[in-house]
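*Asks:* Once you've had a glance at the structure underneath, I'll fire off some questions.
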Amino acid sequence: MDGAQGAALQLQQLPPTSSADPASEASFSYKENLIGALLAIFGHLVVSIALNLQKYCHIRLAGSKDPRAYFKTKTWWLGLFLMLLGELGVFASYAFAPLSLIVPLGAVSVIASAIIGIIFIKEKWKPKDFLRRYVLSFVGCGLTVVGTYLLVTFAPNSHEKMTGENVTKHLVSWPFLLYMLVEIVLFCLLLYFYKEKNAHNIVVILLLVALLGSMTVVTVKAVAGMLVLSIQGNLQLDYPIFYVMFVCMVATAIYQAAFLSQASQMYDSSLIASVGYILSTTVAITAGAIFYLDFVGEDVLHICMFALGCLIAFLGVFLITRNRKKAIPFEPYISMDAMPDEGAG
């Protein structure tokens, strides 16, 4: 009898077996999504401010008799520092949230540029003229905010540790290999028409950018995730796949920038911004869904609401950029009349 009571007492004193709590796991995944989304939003805002600061510096120097080179002004260096800080924030965001959530948040930079453009307008409009002139921008900003809210709310909750084994497993999976085959064939066809047939249509150029960009973001997420795990103590830098992904990340980013530069010489920046955002986001989400299996296990409602958020954000970006004035040299967003009189720097 005493033995039975002792055994029962020991069973009562045993700690409960650890079991995964679905509610706590869901809460943790949403928290990681929120951290990643906030980092991406912060990064895009800072990058947009940084680019406009550097444009401000160039405009001031071009409109004055200041003999200094742009890189000798404090304003330009402040812009460079903010740009690096913003890019670091965007880079880190990929380590916390799914690729399919982070990529569409690039719309934040479009909103920021639109707001900066309205602040630094050249003319002084009457209230009625101002509303008529910028009504599309206001509507576009509102739609983009609504779309971004839906994206963050209904984003996939796939949170897989970016270990060397997991990245390698995804890299050699047959769905991704098939996707890569299709992408390589499509890229080569587009490049052939672009180079040999002089098919300089903006869709052709920006599709080349989007295809390269999809590989850039896939590799960025792998590199960022493996770096964060290494910082946390789970070293991943001794896996060769880390360096393979790093080289692919740098190479695709360089060629992507080269094609964007060529597009900017032939087309208006607002058209590049809207078409490029739509194409790059669509292709990148597709690549992330295939490589990282972002939407596996998600219910149909969440996927449909996420897609709706993307469409609304696309429409918002289109309206914002459609209302932007044609770019002229040294006047992308800021006008000379809006500047104070003191010297640059």
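A Cβ is built for glycine as well, from the same backbone N, Cα and C atoms used for every other residue.
No curator has checked TrEMBL annotations; they are predicted automatically.
Heads up, here are the entries from TrEMBL:
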TRANSMEM  34-54  transmembrane segment
TRANSMEM  75-96  transmembrane segment
TRANSMEM  102-121  transmembrane segment
TRANSMEM  133-152  transmembrane segment
TRANSMEM  172-194  transmembrane segment
TRANSMEM  201-229  transmembrane segment
TRANSMEM  241-259  transmembrane segment
TRANSMEM  271-293  transmembrane segment
TRANSMEM  299-320  transmembrane segment
*Asks:* What residues in the same chain, six or more past the boundaries of the transmembrane segment (241-259), come closer than 8 Å to it by Cβ-Cβ distance?
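*Replies:* Cβ under 8 Å, 6 or more out: 164, 167-168, 171, 205, 208-209, 212-213, 215-216, 219-220, 222-223, 226.
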*Asks:* Tell me whether the transmembrane segment (271-293) sits in contact with the transmembrane segment (34-54), defined here as at least 3 Cβ pairs under 8 Å among residues 6 or more apart in sequence.
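*Replies:* These two segments do not touch.
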*Asks:* Looking at 34-54, 75-96, 299-320, which one has the highest count of Cβ pairs under 8 angstroms to the transmembrane segment (102-121)?
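*Replies:* Going through each listed stretch, the top one turns out to be 34-54.
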